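Data block below; observations after.
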Amino acid sequence: MDRSLGWQGSSVPEDRTEAGIKRFLEDTTDDGELSKFVKDFSGNESCHPPEAKTWASRPQVLEPRPQAPDLYDDDLEFRPPSWPQSADNQQYFCAPAPLSPSARPRSPWGKLDPYDSSEDDKEYVGFATLPNQVHRKSVKKGFDFTLMVAGESGLGKSTLVNSLFLTDLYRDRKLLGAEERIMQTVEITKHAVDIEEKGVRLRLTIVDTPGFGDAVNNTECWKPVAEYIDQQFEQYFRDESGLNRKNIQDNRVHCCLYFISPFGHGLRPLDVEFMKALHQRVNIVPILAKADTLTPPEVDRKKRKIREEIEHFGIKIYQFPDCDSDEDEDFKLQDQALKESIPFAVIGSNTVVEARGRRVRGRLYPWGIVEVENPGHCDFVKLRTMLVRTHMQDLKDVTRETHYENYRAQCIQSMTRLVVKERNRNKLTRESGTDFPIPAVPPGTDPETEKLIREKDEELRRMQEILHKIQKQMKETY
C-alpha cells in the first residue's frame, strides 16, 4: 500500500520529499531554494504520522495494570499496591492527591474561610485552619468582661448598662432616702450575669460605685475605687504566681465608664481628680450623661470643652488603636467616627414607645420622642459598637499588657527591695553578733512613716556597732 495515500491533505509525494531533503543537505543549495522548501514543508500536514494524531486525540483512560501471580493473597498488609497503567503499556506513577476541598471540614468563617483557597490543592498544608482552632477553643471556654460605672447618682448609670446589654441587673436594688444618704460612704457592688448570643457565652460583671460624689465633703472619695482595682490586680497576681494556674478567674476591671454631668461648663474638680487617680489603673471612657437635656449645639460645645480640659490636665483616657493599612475603608471611617465622638453623649431608656409606626426604646416628651438607638439623637449606638462589637478585646488587651503589667512590675520591684533589705539586715546581725534582728518595714506604709522607721534603723545600727566595739575592747583588755 502506498504510504502517501494515508497522508490526508498531502500534495507532496514521499519520494519527492526525501529527494528534496537529500538535495538540501548538500553544500551547493542556495538560501532561496531552502526558504521555499521550508515554507512548503511547514504548511504540510504530512509531517505527523496518522498513528501520532490518533494517539494524541484519544482520551487517556486509566486501567489497572495486570498483576503477576500474587504471592500475598493471604496477607492483606503486605500486598503490593496496584499501579494504574495506560492502554499503550506506558507505565507512570501518581502521588496520592491532597485533601480535596469537598473533603475538608467546613468553617464558620464564611468569606474568610481559609479552606476555600484559590491556590492549587498541591500547595495546601493545613496550618491555615489555626484561626478556626483558636476560635473553637475560645468559644468553648467563653469570655470574661468586667465593666465599672462611676459617677454621681441620678446620671443614668444603671439605665445605660441595662440598655447596653438588654438585661435588668438592678431589679433588686433598693434606693436610699435623703436622710440615709447623708452619712453614706462609697461602696463597691458587683452584679454578674451570663449572656449568650449565637453560641458565644459572655460572663459580664458590672461594678457599681453607689455613693460616689454624693456627700458634702468628697475629699478622696475615689480611694475605695482605686483600692478595689488594685485588689483585683493583686488577686490575679497571686493566682498567676500560684501552683494551680489552669482555671484563673479574671476579675480585673477592663473598662470604666465615667459619667460626667451635663450641667456646668466642663469638668468639675471632682471629675479631674477621679480620672487622674485612676487613669494609670484602668481604661477610662468619659460619658456625657443625659444628653437629651442639651441642644445639639450645646452638646458639641460641651464635648469640645471636655476634650480640651482632659488634654490640659494630662488625663490619659482610653486611646483607640490605629487602623492597619489593610483594614476595610468602612471600618476606618467607623473608627474615625468613634474617635471624634468622645465623650459619648448618651441617653438611656428601657421603655418601649411607638414612633412613626415603629416600637423603639426611647423617652416620650411633650414635644416629641427621643430614640435611644437613633444616631441623630445620641451616641448610644456608637458607644455600644465600641464597647461590645469592635473594641472589647482591645480593652482587655490594654488592661493585661499595660495596666496590669505596670502593677506587676511595681510588686516585683517592691519585693526585690524588701529582699535586699532583709539580706543586709541579716548580714549586719551576723557581723555584730546580736541575736535581735532589725524589724522590716511593713508593706503599704506611707512615705513619712517609712522614713521615720528608716532613721530608727540607722540609729539602732550605729548603737549595735558601738556595742560591738565595746565588747571587743573588753575582750582585749581582760
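Each Cβ is built from the backbone N, Cα and C atoms, and glycine gets one as well.
Fair warning: this is a prediction, and the values are worked out from it, not measured in the lab.
The GTP binding site feature in Swiss-Prot is assigned to 151-158, T185, 290-298, G348, R363. Around the Cβ of K157 (GTP binding site), the same chain contributes V149, A150, G151, D208, L257, F259, A289, each under 8 angstroms and 6 or more positions distant in sequence.
The coiled coil annotation in Swiss-Prot covers 446-478.
Summarising the annotation, Swiss-Prot assigns phosphoserine to S117 (among others).
The phosphoserine feature in Swiss-Prot is assigned to S118 (among others).
The local packing around S325 (phosphoserine), expressed as other Cβ atoms within 10 Å of its Cβ over all shown chains, amounts to 6. Residues or ranges marked as phosphoserine in Swiss-Prot: S325 (among others).
Summarising the annotation, Swiss-Prot assigns phosphoserine to S432 (among others).
Positions annotated as region 'Disordered' by Swiss-Prot: 40-74 (among others).
Annotation comment: Swiss-Prot describes 87-115 (among others) as region 'Disordered'.
Here the region 'G3 motif' (208-211) has Cβ contacts under 8 Å with residues 148-151, 153, 157-158, 181, 184-191, 224-225 of the same chain, all six or more residues outside its ends. The feature region 'G3 motif' is assigned by Swiss-Prot to 208-211, with sequence analysis given as support.
Per Swiss-Prot, region 'G4 motif' is recorded for 289-292. Listed by sequence, the residues of this chain that lie at least six past the ends of the region 'G4 motif' (289-292) yet keep a Cβ under 8 A from its Cβ atoms are 151, 155-157, 160, 259-262, 299, 345-347, 363, 370, 377-379.
Annotation source Swiss-Prot lists region 'Disordered' at 428-448 (among others).
In the three-state DSSP assignment, the secondary structure recorded for S325 (phosphoserine) is coil. There are 11 other Cβ atoms within 10 Å of the Cβ belonging to P296 (GTP binding site). Model confidence over the coiled coil (446-478) stands at 71, taken as the mean pLDDT rounded to a whole number. Between the binding-site residues G151, G154, G348, the minimum number of other C-beta atoms within 10 Å of a residue's C-beta occurs at G154. Neighbours of S325 (phosphoserine) among the binding-site residues G154, K290, T293, P296, G348, defined as a Cα within 10 Å of its Cα, are absent: none qualifies.
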